[in-house]
Amino acid sequence: MNNFALRGTLEVTSIVTSPNAPDMVVSASREITHDCPYRDEINYGVPRKALVGHNHIIQDLALSSDGQFVLSASWDHTLRLWDLATGKTTRRFVGHNKDVLSVSFSADNRQIVSGSRDKSIKLWNTLGECKYNISEDSHSDWVSCVRFSPNPAVPLIVSGGWDKLIKVWDLTKMKLRTNFIGHNGYVNTVAISPDASLCASAGKDGQVMLWDLSESKHLFSFEAGKEVNSLTFCPNHYWLCAAVGSSIKIWNLEDKSVVEVLTPEFNTTAKQADPLCLTLAWSDDGSALYAGYSDNLIRVYQVVRTLLYKSAAHHFLLKVESKHQNSHCIGHTNASDWGQKTSQNDEELKTFQR
């Protein structure tokens, strides 16, 4: 099994993967380009293409379900839609008057939602036209994260903001469906489960909160211990992963246990702070977890399924790009399956081939 780290430039702000392009990873950092690496025995994870266009930091990415297009949200107040085959911008989305912090595709790739420091949530078509600006019952502070529900039969948007609120929006009526209240600090991240039944939220207060989207209620919370920068649900196990400081915490949602805490070894001195984990993304098959760090590395954890005493277990393996470059097992757990459950101002997007 290959275990590796992908090196980018400056801190990694966002990572996305696609089920229809399993050999590709797209990442953004505080630079100016967007790269696509090749996979071979020597140049594993080397960037192969740079997409240049934004003139400020790229904060978030969204990949179309066919893996052909990627959206980027930037501090230059715009969104861009990129054709990954040509590396060219096909559309610019202009309308926000402050930094754009988050972007998401609808399940059918026909709609786009964005959230900004201007406190607005905008709904766009793929031609770059703003079709709706959510103003009634909107956030009273920065909109830090927006996500479409993966279930097209129940069109919802979930948003999180610096006003400490999680908001669920009904796209059929273009109205606020509910407010989730409970955080004591600003919200950095929201995630929706693969079956669209759950929403997770986290941020400054170190609380990871789980919400039932169908019944609009709080289910339970996990204590992360530090500010949480990113959340992601595993696509094929009943797990929730959180980027907490320099580590990744993984919980089993079925029994509310900690699956593992993943903390790589860093080459830092006593006076240096360890790099922060800023963004997380799973491969579509759940075999690899990508973690983007502030030291410009994407660390890749690969999950190995084994049988222990006739029961299934999963091991997380990591090879860190460091002085010793050793591979080691750092954890295992039993798991469930969702199928069984209902310049620094420049910016860079990179695509890596796995």
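The backbone N, Cα and C atoms fix where each Cβ goes, and this holds for glycine too.
According to TrEMBL, the protein carries these features:
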REPEAT    51-92  repeat 'WD'
REPEAT    93-125  repeat 'WD'
REPEAT    136-179  repeat 'WD'
REPEAT    180-221  repeat 'WD'
Tertiary contacts of the repeat 'WD' (93-125), as residues 6+ beyond its ends and Cβ separation under 8 Å: 56-57, 59-66, 69, 71-81, 131-135, 138-152, 155, 157, 159, 161, 169, 171
Counts by DSSP class (helix H/G/I, strand E/B, coil) across the repeat 'WD' (180-221): 0 helix, 25 strand, 17 coil
Per-residue pLDDT averaged over the repeat 'WD' (93-125), given as an integer: 97
Helix, strand and coil counts within the repeat 'WD' (93-125) (DSSP): 0 helix, 19 strand, 14 coil
Tally of DSSP helical, extended and coil residues in the repeat 'WD' (51-92): 0 helix, 24 strand, 18 coil
